[in-house]
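Comments concern the structure below.
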Amino acid sequence: MQKLLLAVDRLSTWLGKTFAWCVVLLTVAISWEVFSRYVLGKPHSWMLDVQIMLYGVLFMMAGAYTLSKNGHVRGDVLYGFFRPRTQATLDLILYILFFLPGVFAMTWAGWTYFQESLAIREQTFNADPIPVYPFKFFIPFAGAILLLQGFVEIARCIICIREGQWPSREQDVEEVDVDKLKKMVHADDNPGLAAAPAEKGSPL
C-alpha cells in the first residue's frame, strides 16, 4: 500500500515540477509583449489570452503537487495540538464532506465544459483568435489528478487512525525547513554550551 501511495506522490510531484515551467513561459510572454508593444510598436491582441491560459494551467496543475506535500494553507489554531489519530479523523471527515464532492464536481463539469468547447472548436474573441479548447482540457485533467491525490490522502488518514502515526510521504528535495536550514548554516541556539567543555578542560 505504501509503495502505491508514494507512486502517486511521485506522479503529482513530477506533474507539478513539469508544469512549473509555465512560469518561465509566462515571463517570456509578458516580456516579449512589453518589448513588442513599447519598443517595436506592434502589440499582439492574442497575447493577453495566452498569459491568462498559462497562469490558469500553472495554478490548476499545482493543486495535486501541493496536496502531496501537505502544503495547502490550513487554519491551524488547534489542529497542531491534536494527536495524530485525532488529526487523521478530522481530515478524513473533511475530505469526505467537502473535498471529494467539490473536486468531483469540478472534474465532471470541467469535462463537459471541455467537450462543448472542443465540439465547436472554440476560439477567443479578438482580432487574432486562438483556440481555447486545449486550455479547457486541463480543467478536468487537473481535477482528476487532484482527485487521485485526494484518495491517497484519505488512505493515509485511515492508516494513521489504525496505526496511530502518519505514514511517510514523498519528500521534495528542494523543501528546507527551519531545522534543516539551521544545520546547513551551523546555527546554534546555545553557543555558551559549546564553549563549556573547553572551559572545563582548561589548565587555568
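Cβ coordinates come from backbone N, Cα and C, glycine included.
Annotated features, as they stand in TrEMBL:
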| type | residues | note |
| --- | --- | --- |
| TRANSMEM | 12-32 | transmembrane segment |
| DOMAIN | 27-157 | domain 'Tripartite ATP-independent periplasmic transporters DctQ component' |
| TRANSMEM | 52-68 | transmembrane segment |
| TRANSMEM | 89-111 | transmembrane segment |
| TRANSMEM | 137-159 | transmembrane segment |
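Taking Cβ pairs closer than 8 Å, the transmembrane segment (52-68) reaches residues 8-9, 12-13, 15-17, 19-20, 22-23, 25-26, 29, 132, 135, 138-139, 142, 145-146, 148-150, 152-153, 169-170 in its own chain, all 6 or more past its ends. Panel annotation: around the transmembrane segment (89-111), residues 79, 82, 136, 139-140, 142-144, 146-147, 150, 153-154, 157-158, 161 of the same chain, lying at least six beyond its termini, place a Cβ under 8 Å from a Cβ of the stretch. The DSSP breakdown of the domain 'Tripartite ATP-independent periplasmic transporters DctQ component' (27-157) into helical (H, G, I), extended (E, B) and coil residues amounts to 98 helix, 2 strand, 31 coil.
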